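Residues or ranges marked as signal peptide by TrEMBL: 1-21. TrEMBL lists 36-58, 166-185, 206-229, 235-256, 277-298, 318-338, 350-373 with the feature transmembrane segment. Per TrEMBL, region 'Disordered' is recorded for 412-443.
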Amino acid sequence: MKFPGSVLASVFLFLAETTAALYLSSTYRSGGDRMWQALTLLFSLMPCAVVQLTLVFVHRDLSRDRPLVLLLHLLQLGPVFRCFEALYIYCQSNHDEEPYVSITKKRQIPKNGLSEEIEKEVGQAEGKLITHRSAFSRASVIQAFLGSAPQMTLQLYISVLQQQVTLGRGFLMTLSMLSIVYGALRCNILAIKIKYDEYEVKVKPLAYVCIFLWRSFEIATRVIVLVLFTSIMKTWVVVVILVNFVSFFLYPWILFWCSDSPFPENIEKALSRVGTAIVLCFLTLLYAGINMFCWSAVQLKINNPDLISKSHNWYQLLTYYMTRFVENAILLLLWYLFKTDIYMYVCAPLLILQLLIGYCTAILFMLVFYQFFHPCKRLFSSSVSESFQAFIRCLCCTCRWQSTSESVGKANLTSSRDQDETPSTSKISPDPTQMSANDLCSV
């Protein structure tokens with residue numbers, strides 16, 4: 001049985017970030033910065049409440065008689081209690097022999113074209129630990145993109161305006177960055193396990209390292225770009241955020257309406273139609289929040305029973321990163337053109353170059369992960385290198401077709417010019433077949 005290390009990591013980041021945010025908000029209050037205090041508390045307490053609801057929903061505590069657990073969640077102490085409960089289950093499982101077990105069947109990742117089906121006994125204690133890990137994985141994603149990401153953006157923006165980074169603010173930004181990257185990492189792992197649910201998925205340590213570097217560069221550059229643009233165009237950044245957010249929020253619903261599928265009813269048996277709609281709206285809200293800062297690694301599909309598309313689409317991935325790179329470049333260009341005096345001692349061209357290279361580095365680590373370290377890369381219909389080679393071939397064929405069409409066009413233009421010049425030259429040297437008898441006699 002695996003040690004619940006992911007549960008401990010989630011609870012540590014949750015408590016540390018909340019404590020740091022509360023301390024920083026108190027310093028803002030003592031300094032008279034009421035607006036910064038209110039926003040810091042908002043981005044700290046709002047995800048806390050959503051995390052409590054998520055843990056209650058996953059463990060189905062509303063349908064069970066556990067008033068003490070619900071009280072602890074109301075007091076924002078639910079994650080701490082769940083962590084101690086998971087540790088207690090893990091410690092007790094090593095001493096008690098379970099009389100009741102369930103058997104799960106998983107397929108191994110194919111090797112040499114062969115895939116074996118294996119059976120595994122799962123006891124009640126291990127099943128409870130699996131539920132705890134699943135609940136905290138989802139809670140980490142919610143904490144990261146509904147709380148930590150806007151919190152880090154806010155604190156970095158305050159640091160740019162005040163041109164200084166205090167100890168408390170720097171500590172909170174560090175914790176927020178770790179929380180975002182950890183949430184993105186859990187999002188990647190959740191996407192892999194949901195897409196390949198029938199397979200036994202084992203993620204290697206190097207894969208975690210690669211994902212961590214990929215997400216770190218991607219999120220850091222995205223947040224810095226948004227902060228730089230916000231510091232010079234406070235009104236237009238609202239437009240940029242709303243366009244991004246609304247687009248990703250409505251995209252799954254547009255696909256659902258175009259598919260003419262019935263409204264999903266099998267998300268949770270205890271939920272009514274209104275409750276199901278609320279859950280789906282929250283999922284699309286979270287989906288939009290993730291894609292605001294980084295690639296979500298999943299495609300939300302409302303008409304699917306699992307709510308996630310299990311097909312791997314390289315073109316969506318390529319479209320997202322190309323669009324995001326162009327958007328970041330445009331925002332940086334606008335910042336360079338309209339930057340104010342607070343950036344007097346900043347080498348703007350060098351900063352822009354570093355940010356664009358940083359985003360390209362994130363893309364490079366992503367390609368390395370999918371090519372070498374993805375646990376289910378043998379199941380891909382085409383690898384990253386094969387897709388890249390196909391893209392290069394398509395590009396070369398397009399260039400050749402354009403050059404051929406241009407050469408053909410030039411040849412047609414030359415022949416048309418020759419035809420236009422033929423009457424004038426016929427007067428100088430007429431065709432012998434068309435000469436008269438007098439002309440022949442004179443010759």
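Glycine too: its Cβ is placed from the backbone N, Cα and C atoms.
Ranking 36-58, 235-256, 350-373 by CB pairs under 8 A with the transmembrane segment (206-229) puts 350-373 at the top. With a cut-off of 8 Å between Cβ atoms, the residues of this chain six or more beyond the transmembrane segment (318-338) that come close are 221-222, 225-226, 228-229, 231-233, 240, 291, 295, 348-349, 352, 355-356, 359-360, 363, 366. Remote same-chain partners of the transmembrane segment (36-58), defined as residues 6 or more beyond its termini with a Cβ less than 8 Å from a stretch Cβ, comprise 14, 17-18, 21-22, 24-26, 28-29, 70, 73-74, 76, 78-79, 82, 131, 134-136, 138-139, 142-143, 146-148, 150-151, 154-155, 158.
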